[in-house]
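Asker: Here it is, the structure in full.
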């Protein structure tokens, strides 16, 4: 069985994320969407448990996708779970420059390969950070987020 992981903070999960997850699910027998702690990002709008619930709801139509969370080294998770590849979406060359050293380190530490998928152009401008910012100022990002996430982000901003 070929297994892949799609790691990220997913705060919140966007349509761009779902596109990458869906494309990974077409190429692998099992895909784990892994909510990870990123020390370079603030604590986030949504708790880890909220993110897990929103991702589970948003990916329920994918029969070979599961959702988990992890706070340690990604390669420790891949090794412990027999995962063959890490799948990451790239929007721009800046994403590549950020992701490449991590991919090389993961390869060196555990021999796990990283598969880069180019973002579908219709999602290339979407980021979780941008969606949160636009929502805080009253903008509508509902077409950039899964329905449950669009509702949840509006509720978060109201509270």
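Placement of Cβ uses the backbone N, Cα and C atoms for every residue, glycine included.
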Asker: Starting from the ATP binding annotation in Swiss-Prot that includes 9, 10, 17, 89, 90, 91, 123, 124, 125, 126, 127, 128, 129, which of 97, 99 is the extra site residue?
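Answerer: Only hit among 97, 99 in Swiss-Prot's ATP site, alongside 9, 10, 17, 89, 90, 91, 123, 124, 125, 126, 127, 128, 129: 99.
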Asker: Can you tell me the CA-to-CA distance separating residue 17 (ATP binding site) and residue 74 (substrate binding site), as a whole number of Å?
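Answerer: Rounded to a whole number, the Cα-Cα distance is 18 Å.
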Asker: Would you say which of the binding-site residues 17, 88 has the most Cβ atoms within 10 Å of its own Cβ?
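Answerer: Counting every other Cβ within 10 Å of each candidate, the maximum falls on 17.
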Asker: Spatially, and counting Cα to Cα, which of the binding-site residues is closest to residue 88 (substrate binding site)? Options: 9, 99, 124, 126, 128.
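Answerer: Its closest listed neighbour, by Cα, is 99.
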Asker: Measuring Cα to Cα, tell me the gap between residue 90 (ATP binding site) and residue 74 (substrate binding site) in whole angstrom.
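Answerer: Pair distance, Cα basis, whole Å: 18 Å.
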